Every structure is written in structure tokens, then in C-alpha cells.
Amino acid sequence: MKIAVVGAGKWGSALYDALSVKNECAITSFHEKDLSYFVSTKEALGYEYLVFALYAQGIHEWLVNNFKDLNQKILVASKGIDCKSLKFMDEVFGEFISSDRLCFLSGPSFASEVLEKKPCALVISGKNQNLCSKFASFFPNYIKTYTSLDVKGAEICGAYKNVLAIASGVCDGLNLGNNARASLVSRGLVEMHRFGQFFNAKEETFLGLSGAGDLFLTASSNLSRNYRVGSSLASGKNIKDVLIELGEVAEGVQTAYAIHALSKQFQIYTPIVNEVVLMLEGKNAWESLKDLMSSKEEIS
């Protein structure tokens, strides 16, 4: 099968490597490279199957500038919420392509370990279960794939866990110990589920690979960019310097503002996200911790 991966960052490169095991693959590049597997955006749009691994905040602009109403089937591997429109990825892509040609990839998966061909399990969500199964068949045997109808739940989990990973990184950056991190992540899972309930996401999604699985991975490892952002914030650095030092995109930073705006709009109780936003804006990490410890909790 011919598949083009759009986005040549770490995640896009890892997906290209995995999908190349069983398929004829190419990957887009924004720079001139003398490598046969790199193709231009125009060439990529000629492929029947596309896998998007772009930074979430850049996807709408990419679609406006490049997308033509062809018959591609698309797997979205980007995790985030568009900050300008406060739309989830299915809504962003839905402006350009029908939902029966869209699937979404989620689950615990560090790009570096996928490149090392270490085993992992992922979820492919979509309204068209035949297409989900088709995309699932493209992956090699060291990546176990499941399918799901709960697009919104998978999207919320994939976006929200990045913000919770920032909070977890702060916790570890302050050397508060394993008990504190476990408490924070557990409360974060409850908060993420509460947010998802408003959007009619399915409860089982939050307890599976897309939810608890991805959250526990991202919130407990220095391989996570968002976790490293939190750890740096705990040391007293401002977010501008943290991101310069990181040198990579940390989706959780922009996603925190998007979730915060949505929670205010719909009056959803999200204390951890609220404190992450305040820390991004300069609030002392210790003060945020104290406020979280004294905040009310609707569900334990």
C-alpha cells in the first residue's frame, strides 16, 4: 500500500519507519534532501493514504494552503486542540474532508521507542470502522492496534495528557516524591474524564490505552517534552526560556490554554489545568502546589 506521512519531525519519522515495514511509504520534507523517500507536499497529496504528524497548531493553516478535495484516506497522529478556534482535530479536518475518510491515532508511544522497534499498543478511532481496520493492518507486528468509535474521547485524552504531564514534571522538579506524583496523576485522570463527559466521550476510553495508558507514560518519563517543560518550570525558569532551551514543540503548552478556555466557556471544573496555565504565566510552582492541595475535589 502507498502511504505518505505528512510531517518529518520525530513522531512523523517514527511512523514512517514503522509503516515502511509492510508498505511503500514516503514522508514530506520542507527542505531539499537527496533521499528517495522524501516527497514534496504536492507529491504527497497524490497518495491514497495520508498520515498527519504535524504540530497541531499548524494543521489548519496547512490544510488551507495545501489540501485539495481528493479522495485521500487520512490517519491523524497529531494530539492537540486548535487554540485559535478551540476546535478538536476532527473538527479542524472536518472543514475539509468527510468524517468517513478520517481516523485518529492515540495511545502510549514515545517516538524514540517506536524507532527502536520496541513493542507498543495503539488505538485507531473513527466513525468508519472498516477504514480504522484498514489503517490498523498497515502497522508491523511489534505495534498492536485496536480500533474504537470514540473519536472525541481519544482526542481529549491525547490532548489533555500533555497538560497533565507538565504538572507532573513540576511535581518531580520540586522533588515531591512518588506519592505526590501518583496523587497528582490520579486526580488528573479524574479531571480529564470530567472534561470528557461534557463532550459525551465514553468512560472506557479514559481507562484504556488512549487515556490512562498515554497519561501514565507521558507523565512519568523524561522522554516526554511536556514533562521536561514542567520540570524546568519548577526550577523557576519562565516559559519562554524553557521552550528555547527545549528546542522542540511541546503541545501541552498551547493545549493548556485551549482547555482552560473551553472549561471556562462550559463551566467545567479543571483545577490542575488552571494551575498549569497560571504557572505558564509566571505563578510560582510552590504556590500552585499549595493551591491545588487546598482545592475542592468533586470526585476522589
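Glycine is no exception: its Cβ is also placed from the backbone N, Cα and C atoms.
In Swiss-Prot this protein carries:
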ACT_SITE  LYS161  active site, proton acceptor
BINDING   TRP11, LYS33, LYS79, ALA111, ARG225, VAL249, GLU251  NADPH binding site
BINDING   LYS79, GLY107, SER109, LYS161, ASP214, SER224, ARG225, ASN226  sn-glycerol 3-phosphate binding site
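Counted within 10 Å of its Cβ, the other Cβ atoms near ASN226 (sn-glycerol 3-phosphate binding site) come to 27, all protein chains included. Checking Cα-Cα distances from ASN226 (sn-glycerol 3-phosphate binding site) against the binding-site residues (TRP11, LYS79, ALA111) with a 10 Å cut-off leaves nothing; none qualify. Ranking the binding-site residues ALA111, VAL249 by other CB atoms within 10 A of the CB puts ALA111 at the bottom. Here the recorded positions are LYS161, ARG225, and the one ringed by the most other CB atoms within 10 angstroms is LYS161. Nearest Cα neighbour of GLU251 (NADPH binding site) among the listed recorded positions (GLY107, LYS161, ASP214): LYS161.
For SER109 (sn-glycerol 3-phosphate binding site), the spatially nearest entry among the binding-site residues TRP11, LYS79, ARG225, VAL249 is TRP11, judged by CA separation. Annotation note: GLU251 (NADPH binding site) sits in a helical segment as assigned by DSSP. The maximum pairwise C-alpha distance among LYS79, GLY107, SER109, LYS161, ASP214, SER224, ARG225, ASN226, the residues recorded as binding sn-glycerol 3-phosphate, is 16 Å.
Recorded residues SER224 (sn-glycerol 3-phosphate binding site) and ALA111 (NADPH binding site) have their alpha carbons 10 Å apart, per Cα-Cα distance. When other Cβ atoms within 10 Å of the Cβ of TRP11 (NADPH binding site) are tallied across all protein chains shown, the result is 23. In sequence order, CYS120, ALA121, LEU122, VAL123, LEU209, SER210, GLY213, ASP214 are the residues of the chain that are 6 or more apart from GLY107 (sn-glycerol 3-phosphate binding site) and have a CB within less than 8 Å of its CB.
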